[in-house]
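Listed in Swiss-Prot:
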DOMAIN    1-159  domain 'Obg'
DOMAIN    160-327  domain 'OBG-type G'
BINDING   166-173, 191-195, 212-215, 279-282, 308-310  GTP binding site
BINDING   Ser173, Thr193  Mg(2+) binding site
Amino acid sequence: MHFIDEVKIYIKGGNGGNGCISFHREKFIDRGGPDGGDGGFGGSVIFRSNHHINTLVNYRYQQHFTAENGENGKGSNRSGKSGKSLILDVPVGTQIFSQDGDILLYDFTEDEKSFEIIKGGCGGLGNSHFKTSVNQAPRKSTEGEIAEEMWIHLRLKLLSDVGLIGLPNAGKSTFLSVVTAAKPKIADYPFTTLVPNLGVVYIDDEEFVIADIPGLIAGAHQGYGLGDKFLKHIERCNVLIHLIDGASNNVIADYNTVRFELESYSDYLKNKIEIICLNKCDVLVDEEIQKKIKKLQKVTNKVVHPISTYNNQGVNKIVKLALEIIKNQKY
C-alpha cells in the first residue's frame, strides 16, 4: 500500500429537498386544503478517525465527495426522505485544514472520533405552511437549502511515542526490527526507508509506539532528500532516539547535520528530549568507541550510549530509558 500523508479534496453537503405544492384530493370534496409536505434534510459530511487505516491513499485518486440530497416533499403532507450523511474515515493523527492550508479545523488525536465539517441543507417548506385566513389555497413553497461546499487539506501526522532519527543508513530500520515486530525494508545503502515505519515495543508489561523516520540529509528542511516530507511525523513524539553511524569518519558532523535540520524545521522539534546512540559499535574496537563517545559528549553535553543493532548490544537499555521518559511525560 502506498503511504500518502497529504491530500487536497473537495467536499459538499447534500442539498435540502424542495417543499411541495399540493392540495388534498378526495371524493366528494371539491376544494381540499393545501397538503404539500416539506423537503427532506440533506446529508452532512462527517469525518471519522479509524485506527485500522494508516494512510490517506483512499483520497489520492478520488478527490470529490458529496453527501446525498434530501428528497422533495410530497402530497398528503408527506415529507421528503432525508439524504444519507457521508462518513469519510481517516487515520488517527489526521489534521483537517482550510483550503489555503492556514487554518486548522480539526485534529484527530484519538480513535473513533467524529467531526461534522458540513451540515446538510434544510428542507424547503410545503405549501401547507402558507395557508392563512385570507389565502386558503396557497400556491407557494420554498426550495431546499443549498449545502456548503469547500476544498480542504488533509494532513497526516503519525502518532508515535518515540521517533527514530539519524542520517541515511544509520541503522534506524534495523533498530526498529530488533525492538518490534515491524519488518521494514533493510539494506546497506542510503534511503532504504522511503516512508515512515511504525512498530509497537512491548516491555515489562508496557508498550509504546516507535516510528522510523526516513533518513535526513543536509538541507532536508528545505526539501532536499526525504526528510522535509516526514519531519512533521516526529512533532507528536515524546522522545527522539538519535542514531549515529559509529563507522562514520566524522560522527560530530553527522550529529550536527541532523540537529540543524530539526532546529531549522521548528523550535518544537529543537526542544524534544533526545537519546543519543552511537550505533554499529560491533565494528569498532573499544578505543575507537570511547574516543567517538567522548567527542560527541563534549559537543552535545549529553550522555552518549554505545549500541549495536547487529548483535543487540545496549538496545534493551535504550528501550527501557525511552519507556521511562514516556511515562514521566504522560503522568
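Cβ from N, Cα, C; glycine included.
Secondary structure at Ser308 (GTP binding site), taken from DSSP and collapsed to helix, strand or coil, is strand. If you take the Cα of Ser173 (Mg(2+) binding site) and the Cα of Gly166 (GTP binding site), they are about 11 angstrom apart, rounded to a whole number. The local packing around Ser173 (Mg(2+) binding site), expressed as other Cβ atoms within 10 Å of its Cβ over all shown chains, amounts to 23. Listed binding-site residues: Lys172, Lys280; maximum Cβ neighbour count within 10 Å falls on Lys172. Using a 10 Å radius centred on the Cβ of Gly166 (GTP binding site) and all shown protein chains, the other Cβ atoms total 26. Each residue in the domain 'Obg' (1-159) has a pLDDT score, and their mean in this model is 92.
Around the Cβ of Asn169 (GTP binding site), 21 further Cβ atoms fall within 10 Å across all displayed protein chains. Counting every protein chain shown, 24 other Cβ atoms lie within 10 Å of the Cβ of Pro214 (GTP binding site).
On its own chain, Ser308 (GTP binding site) has Asn279, Lys280, Cys281, Asp282, Gly314, Val315 as residues at least 6 apart in sequence with a Cβ closer than 8 Å to its own Cβ. Following the DSSP three-state reduction, the secondary structure of Gly166 (GTP binding site) is coil.
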